[in-house]
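Peer 1: Have a look at this one.
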């Protein structure tokens with residue numbers, strides 16, 4: 001039975017053909033055959049028209065595909081530092097080879113990626129052929145200090161930041177993970193979500209594997225450990241060929257750094273180089289900018305890049321994948337505005353989304369404001385296109401901290417008021433357009449509208465710089481179950497009444513796709529359409545309680 005399961009796992013990638021021969025050794029930016037993924041190679045970073053691809057991950061159960069559990073309309077929502085009514089990216093990764101300050105550069109890069117994960121961080125470095133690890137719960141600045149970084153010596157390191165909410169076994173699930181196998185040790189940092197995690201774990205446990213965590217990433221280490229492929233990189237290739245879902249990963253051994261991206265390209269992963277020749281991989285280009293590494297290109301979907309003393313070489317997991325499915329929420333919300341993601345400027349994309357909204361959903365108004373900070377750039381675009389002034393009508397209160405004590409006497413909308421302040425003198429008697437990036441449960445939007453009206457606004461018009469979210473993500477984005485997504489339960493007019501605004505409009509999906517032009521088929525729109533590029537419904541029990549998100553219930 002185990003042999004049958006293993007055979008089935010090997011065929012998960014659309015019956016992918018056997019691994020091709022390695023691409024030639026690459027001492028300069030990789031020059032893969034143009035037939036691999038693109039008709040032409042990407043243009044350099046300096047080109048404003050540079051195009052590329054995309055990715056994602058999640059911890060949502062697939063039970064909603066088979067049941068009709070009702071959302072509780074009386075459920076109480078609590079506020080915290082993270083926007084509780086937003087989707088959450090699960091994590092960010094970084095890897096550095098060939099720099100004597102590798103761990104410190106990882107530390108800085110993780111700061112740049114902190115928006116991708118604020119509840120756990122870790123770094124693994126290699127010194128004298130020994131993998132050294134520091135991981136902890138909290139922000140990067142809380143996990144690391146001078147003495148801990150002093151222990152992480154060496155020219156090779158990987159790092160990880162992750163998002164979570166709560167849970168009883170947090171620390172053991174904080175990455176990077178390190179494991180020993182018969183030929184040495186390997187560390188891994190993973191951004192994504194494996195939808196066949198439970199199937200693979202059951203197969204491994206049937207064969208005697210013992211798991212220390214509840215994270216899907218540990219499955220990858222077990223698959224590497226049981227592989228008999230040689231050399232080591234072929235163990236990674238063999239393991240990844242059995243994975244289904246989203247993964248952008250960096251691996252480290254005693255003498256190698258390996259970067260892998262799934263064939264669909266759900267999650268971003270880029271490659272850069274410092275002036276001293278050190279090679280850097282990171283989830284976003286903003287991390288490269290901070291550590292003064294020059295962006296070279298993306299890791300292509302389905303590519304395995306190996307960095308060692310001989311330079312950079314490339315392998316291909318799956319030539320000519322049948323589809324690509326980069327996560328559309330990266331440019332909409334997750335990524336840093338200063339980043340290039342999938343070859344496009346995040347700032348320019350969000351600005352364009354605001355311009356499109358002003359074109360397709362105009363309204364008579366006196367000013368445009370935004371829900372800070374994620375709605376700011378789209379609001380600039382809306383205001384410019386509409387010819388209406390942009391004002392900072394809402395501000396984030398400084399010093400609110402990551403946790404707070406609620407007053408014993410109930411204060412309406414306490415969480416929103418703690419984080420946001422409305423400029424009463426500015427908003428009084430004004431017709432206001434307020435721009436945000438998305439609406440998930442609708443609870444925060446309701447409170448924001450009420451806050452603006454209490455400040456004296458005459459009219460409040462909501463404009464959302466993304467289409468309605470109607471389906472959960474299974475590729476690395478922590479979104480609520482389908483029943484909790486308010487746009488899945490209400491049409492736009494019902495939602496407008498619930499929120500209490502005078503008008504409501506979303507960015508049309510057709511307009512979003514038109515904006516991406518010829519790249520549009522390379523994006524995953526599952527959260528807006530319910531059409532999943534990698535079907536999760538065949539994998540019952542795919543939810544993995546990673547010890548950070550609490551129980552399934």
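All positions are counted from 1 along the displayed chain.
Placed from the backbone N, Cα and C atoms, the Cβ positions cover glycine too.
Automatic prediction, not curation, is the source of TrEMBL annotations.
Quantities reported herein were computed from a predicted structural model and do not represent experimental measurements.
If you look up TrEMBL, you'll see 91-310 marked as domain 'Glutamine amidotransferase type-2'. TrEMBL lists 91 with the feature active site, nucleophile. The annotation [4Fe-4S] cluster binding site is assigned in TrEMBL to 327, 473, 524, 527. The Mg(2+) binding site annotation in TrEMBL covers 374, 436, 437.
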Peer 1: Quick one: give me the count of other CB atoms within 10 A of the CB of residue 437 (Mg(2+) binding site).
Peer 2: 26
Peer 1: What's the CA to CA span in angstrom from residue 91 (active site, nucleophile) over to residue 374 (Mg(2+) binding site)?
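Peer 2: A Cα-Cα distance of 18 Å.
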Peer 1: Could you tell me the C-alpha distance between residue 436 (Mg(2+) binding site) and residue 327 ([4Fe-4S] cluster binding site) in angstrom, no decimals?
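Peer 2: Residue 327 ([4Fe-4S] cluster binding site) has its Cα 19 Å from the Cα of residue 436 (Mg(2+) binding site).
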Peer 1: Could you state the whole-number distance in Å separating the C-alpha atoms of residue 524 ([4Fe-4S] cluster binding site) and residue 437 (Mg(2+) binding site)?
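Peer 2: Distance (Cα to Cα, whole Å): 17 Å.
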Peer 1: Roughly how many angstrom lie between the C-alpha atoms of residue 527 ([4Fe-4S] cluster binding site) and residue 437 (Mg(2+) binding site)?
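Peer 2: If we compare the Cα positions of residue 527 ([4Fe-4S] cluster binding site) and residue 437 (Mg(2+) binding site), the gap is 14 Å.
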Peer 1: Judged by the number of other CB atoms within 10 angstroms, which among 91, 374, 436, 473, 527 is the least packed of the recorded positions?
Peer 2: 374
Peer 1: Among the binding-site residues listed here, 327, 524, whose Cβ has the fewest other Cβ atoms inside 10 Å?
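Peer 2: Least crowded of the binding-site residues 327, 524, by Cβ count within 10 Å, is 524.
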